[in-house]
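Here is what Swiss-Prot records for this protein:
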type	residues	note
BINDING	134, 135, 147, 156, 174, 175, 176, 177	NAD(+) binding site
BINDING	189, 254, 271	Zn(2+) binding site
């Protein structure tokens, strides 16, 4: 099977994203190829479910290539993306004796990847880590770009660091075991790339035959949307690694989405489901401000719904919405900034949105 290779070009610490069917069986060989010697200790961080599915396979391959590796599982779910899980990883790192020459591997979805990345950024002031994402959302979004974090009771991803992985290894075969709801949630991030930067991807996703292939996990279609999504993200991240400018457009739908995740209770809505509703709200505001046409807004809404994702805003107290938004990482000098579409495949950053223009979408 052909191996897709995407470079994330940065001023320091550029790295590869490798996409290949069956790659989970060859991670040891890939580590050696990128210069990681087998004398380095490895701690694989996963959760019980993912570890049961893929952990033993990965561990056996690493040991076949003479790596000294062990697996440690954290609890699954957004509610465990916290300091407790981070501390558990630190305890495991201490027990197995990870030093500055050691390696962490994140095997799992976005939560495992974010927490493991933050552990790598802070253990002994920084050790290398590898991302092996096993969900669509983590493949196309969170595993690439170096954002690592844990949640705080006051908000999502408030404590973290920009810390790039040594490499990202993606095996689309791992999606076969992914629950349908989680796969569809991952499609929200793919749709996002179509709206913010890649009109051709948006149109590809609109095609009914393509949609059926994607939802039926047809390999060629999966690799195509993963490839296009990561290329878009790599292009943006290479231009603005630490989100001082254009990288903020990757947060399209996320300000409102994070409000929904937080106020409805983490886990009530999956991240991608909340982002879908956030994109719907952003699209409606853009239409109201004559930034893009009603037709484009309706096309976006239809595309979101066609992949089984929600667009209906849940009932939330308006006062609570403002508290969460003012704690958003995109706030600058006390002003909220919103990513709004101005065309299919193009968005911009606005800080002149009145409260009344978005609070009305929350009951």
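For all residues, glycine too, the Cβ spot is worked out from N, Cα and C.
Among 134, 135, 147, 156, 174, 175, 176, 177, the residues given in the record as binding NAD(+), the maximal Cα to Cα distance rounds to 29 Å. The binding-site residues considered are 135, 177; of these, 177 has the fewest other C-beta atoms within 10 angstroms of its C-beta.
Other residues of the chain with a Cβ within 8 Å of the Cβ centroid of 189, 254, 271, the Zn(2+) site, are 137, 141, 188, 192, 253, 257, 272, 274, 275. Comparing Cα positions, residue 271 (Zn(2+) binding site) lies closest to 135 out of the binding-site residues 135, 147, 175, 176, 177. Cβ neighbour count for residue 174 (NAD(+) binding site): 22 (other Cβ atoms within 10 Å of its Cβ, all protein chains included). The sparsest Cβ neighbourhood within 10 Å, among the listed binding-site residues (147, 156, 176, 271), is found at 176. The CA atom of residue 176 (NAD(+) binding site) is located 19 Å away from the CA atom of residue 189 (Zn(2+) binding site).
Around the Cβ of residue 175 (NAD(+) binding site), 20 further Cβ atoms fall within 10 Å across all displayed protein chains.
DSSP assigns residue 156 (NAD(+) binding site) to a strand in the three-state reduction. Neighbour list (residue 134 (NAD(+) binding site), Cβ cut-off 8 Å, at least 6 residues apart, same chain): 50, 53, 54, 107, 108, 109, 171, 174, 175, 178. Residue 147 (NAD(+) binding site) falls within a strand when secondary structure is assigned with DSSP. Annotated pair residue 254 (Zn(2+) binding site) and residue 177 (NAD(+) binding site), C-alpha to C-alpha distance, rounded: 27 Å.
Spatially close to residue 189 (Zn(2+) binding site) yet at least six residues away along the chain are 136, 137, 140, 141, 229, 272, 275, judged by Cβ distances under 8 angstroms. Within 10 Å of the Cβ of residue 254 (Zn(2+) binding site) there are 25 other Cβ atoms, across all protein chains.
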